[in-house]
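Participant: Straight from TrEMBL, here's the annotation block:
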DOMAIN    1-575  domain 'SecA family profile'
BINDING   GLN82, GLY100, GLU101, GLY102, LYS103, THR104, ASP490  ATP binding site
DOMAIN    84-245  domain 'Helicase ATP-binding'
DOMAIN    412-584  domain 'Helicase C-terminal'
Amino acid sequence: MGVSQRLKNRFRKFLQRPGTTVNLGPLSERLGPIEAREEALKELDDAALTDAARETADFTEICAVGREAARRTIGQRPYDVQLLGAMALLSGRVAEMATGEGKTLTATIAAYGHTRLGNGPVHVLTVNDYLARRDAEWMEPVYNLLGLSVGWVTEASTQEERREAYAADVTYVSVSEAGFDYLRDQLVTDVADRVQRELATAIVDEADSILIDEARVPMVLAGSVAVESDPVHEAADLVKSLRKGKDYEVAEDGRSVAFTEAGLKNIEEQLGGIDLYADDQVEHLSAVNVALHAHALLRRDVDYIVRNGTVELIDEMRGRVAQRRRWPDGLQAAVEAKEGLSATAEGEVLNTITVQAYIALYETVCGMTATAVHVGEQLREYFKLEVAVVPSNAPNIREDDPDRIYSAHDTRDEALVEEIKIAHDKGRPVLIGTLDVQASERLAEQLKAVGVPCQVLNAKNDAEEASIIAEAGAVGAVTVSTQMAGRGVDIRLGGSDEKDRERVVELGGLYVIGAGRHDSRRVDDQLRGRAGRQGDPGASVFFVSLEDELVSRHAGDILPGSPRMDMDGVVHDSQVDYAVEHAQRVAEGVNHEIHRNTWRYSVVIEQQRLLLAERRERLLTSEVAAIMLLEKSPEKAKETDEDVLSDSARAIALYHLDKLWADHLAYLSEVREGVHLRALGKLDPLDEFHRSAVPAFQELLIQVEARTIEAFEEVDLSDGWQPERSEIVRPNATWTYLVHDNPFGSELDRLIAAVGRRLTSGG
Ligand SMILES: Nc1ncnc2c1ncn2[C@@H]1O[C@H](COP(=O)(O)OP(=O)(O)OP(=O)(O)O)[C@@H](O)[C@H]1O
């Protein structure tokens with residue numbers, strides 16, 4: 001039986017797998033013809049191969065040529081499953097491929113293919129700068145032999161470097177840098193200042209993470225304006241002296257906190273005897289509520305760390321510092337105040353777009369990840385993307401043990417340390433995934449106490465994390481990592497050079513232990529996937545405590561009072577197993593609901609953005625503004641020199657369009673918060689939002705014209721067009737950031753909750 005036949009048999013099994021929505025059968029039929037081309041392509045010299053690469057526009061030939069180019073340049077002949085993945089990407093799917101299957105090379109063949117199919121330029125969107133650069137540099141020889149240029153962008157790239165990178169056929173860039181570049185390009189007043197070309201094809205790496213988990217994250221471009229004093233910052237001092245249980249109560253789920261009557265009175269007195277619920281005290285009420293949240297619910301070293309005098313957020317999903325992320329402004333300031341730091345400049349928001357809306361701007365989207373099936377439905381709902389499950393190259397022989405569940409943290413931690421020590425004493429490499437930085441550090445201490453040295457990979461040393469994780473498979477290595485730190489880096493058995501591979505194989509391969517289940521099964525699966533790559537031996541297990549936040553928050557009420565345990569304190573109780581699974585499902589459901597809600601609100605904004613972008617493009621690249629002025633302000637327009645009219649009309653119209661859009665975005669976010677108040681009056685908040693957003697946008701379009709005419713009539717054009725003499729002052733400095741999820745809902749949600757509590761308690 002030939003290789004292709006064996007693979008076909010395995011594919012057949014795969015095609016029956018539930019959740020597989022795309023039939024890979026027809027694509028796998030091409031593997032034979034691809035292989036049949038191999039010998040002939042090997043005969044070609046490099047120049048002839050490049051010529052061949054430039055000629056084809058057919059899946060079979062694209063894969064055959066791509067395979068030969070990879071073999072020749074980086075010495076890796078793409079496996080059949082990689083070609084199958086590449087074809088899935090070429091047909092606009094999300095390919096699910098296990099960790100270590102070689103998605104980087106798969107994406108390269110797909111990127112090449114997309115350019116051949118006329119879908120270029122191609123952006124490969126990564127989760128971080130490190131991977132953008134690494135993958136572009138690694139794959140460059142392959143691209144070059146295929147006759148393509150490749151570029152990469154990181155946060156440190158200059159304008160010129162960015163423009164050059166985007167001019168390449170294929171560009172590797174983190175999704176946030178790409179989004180920021182888009183936002184900046186939307187504000188240029190000269191076409192030549194743009195860095196990106198059209199958004200044609202996006203190949204999304206770690207697709208579930210970017211398309212689902214990060215989807216609702218707004219990317220923000222702000223311009224410098226003076227920092228105003230922030231009442232929230234002042235409120236931080238007020239809440240410092242409050243005590244839990246007396247002045248405030250934290251809800252069991254740890255996600256909300258409310259003042260007690262005594263606490264409120266205390267605050268009201270400190271504020272000089274005001275009534276916080278009086279109509280004119282809304283700002284104070286909201287400020288002290290936010291301050292209380294920062295004080296009582298956000299934990300240093302779990303939710304954020306303080307480094308170099310600033311608050312840096314820890315990304316819940318990845319457990320590492322989220323670069324340049326902020327909470328919504330009030331909350332960020334409250335946490336800064338809590339830590340005694342001065343508030344960072346806030347600036348005026350010039351433009352913002354969510355990751356999801358940015359991705360939607362591409363003509364063609366496809367992606368790859370190890371964990372797509374679980375979010376298959378959402379990928380279809382939000383991006384019309386289907387998942388294609390690509391079988392692994394070698395069968396997965398990793399042993400996934402059932403969870404070990406303990407009733408309390410103490411017993412769990414003891415057992416966990418013991419388990420690590422036993423494996424370590426034999427020399428078996430162990431990778432432990434913890435839920436947060438604090439847990440990592442606590443575990444490291446506990447391991448040290450029993451004489452087990454370990455490497456801690458967390459938010460605080462992310463610069464080195466790639467090289468540390470690369471060695472996590474070495475003999476005796478113990479690596480403690482917060483969730484997905486170091487993602488995308490290969491863990492080879494026996495160390496990165498595979499020096500002691502045989503010994504580690506004998507020991508059973510990499511042992512992955514989760515110190516608690518994550519909020520999503522996908523993240524658990526990603527952790528497990530660290531072991532058992534390419535048919536390597538390996539094992540995984542999760543050590544769960546019933547005191548873990550996930551379990552107590554979402555399944556506290558269905559846990560049996562006294563679960564059955566064995567002598568070692570391990571719980572053996574089907575009801576408990578069920579509760580743990582249930583807790584994770586609930587957490588996933590909550591996240592999905594939040595995502596859907598944000599999305600429903602953003603649909604109308606995104607339609608408006610597209611309309612506005614079209615209008616802006618016309619202003620920027622044609623004479624529509626001048627023509628409009630000739631009609632609406634004929635006297636002055638006619639007596640103005642043609643070039644001066646063209647320049648001034650364009651600049652003035654663009655300025656007002658951008659300014660009005662920024663104001664519109666601010667207005668919409670106010671409306672969005674405000675509509676929740678109206679929700680109390682039983683109106684549908686989404687309808688209400690539309691009722692405000694639609695006319696406001698129509699008004700904006702009218703205003704752009706009106707203000708342009710007005711400004712044109714006022715400006716002195718006697719010495720030509722001199723922007724500095726006009727009212728047009730564009731921000732001289734801009735910066736970008738991501739808005740982190742507000743973990744507690746919007747400020748107004750909380751306010752309503754607080755008001756609601758007060759009403760229901762008869763206050
Ligand atoms: N066809 C091939 N032949 C030999 N080695 C390969 C081949 N394809 C990929 N590799 C190697 O496999 C390793 C994993 O590749 P890669 O990092 O692209 O995997 P991945 O699927 O992206 O994994 P992750 O999910 O961790 O990001 C790399 O070291 C790469 O060099």
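Every residue gets a Cβ built from N, Cα and C, even glycine.
Nobody curates TrEMBL annotations by hand; they come from automatic prediction.
Locate each feature and note its surroundings.
Facilitator: For the recorded site, ASP490 (ATP binding site), the DSSP three-state label reads coil.
As a whole-number mean, the pLDDT of the domain 'Helicase ATP-binding' (84-245) in this prediction is 90.
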Participant: Between the binding-site residues GLN82, THR104, whose Cβ has more other Cβ atoms within 10 Å than any of the rest?
Facilitator: GLN82
Participant: Return the single residue from the binding-site residues list (GLU101, LYS103) that has the minimum number of other CB atoms within 10 Å.
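Facilitator: Each of the binding-site residues GLU101, LYS103 was scored; lowest Cβ tally within 10 Å is GLU101.
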Participant: Other than GLN82, GLY100, GLU101, GLY102, LYS103, THR104, ASP490, which residues of the same chain sit close to ATP? List them in sequence order, counting a residue when its Cβ is within 8 Å of the Cβ centroid of the site.
Facilitator: MET97, THR99, LEU105, THR106
Participant: Please give me the CB contact count at 10 A for GLY100 (ATP binding site), counting all chains in the structure.
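Facilitator: Neighbour count, Cβ to Cβ under the 10 Å cut-off: 21.
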Participant: So for ASP490 (ATP binding site), how many other CB atoms are inside 10 Å of its CB?
Facilitator: 17
Participant: Are there any residues at least 6 positions away along the chain from GLY102 (ATP binding site) with a Cβ closer than 8 Å to its Cβ? List them or say none.
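Facilitator: Sequence-distant Cβ neighbours: GLN76, PRO78, TYR79, GLN82, ASN393.
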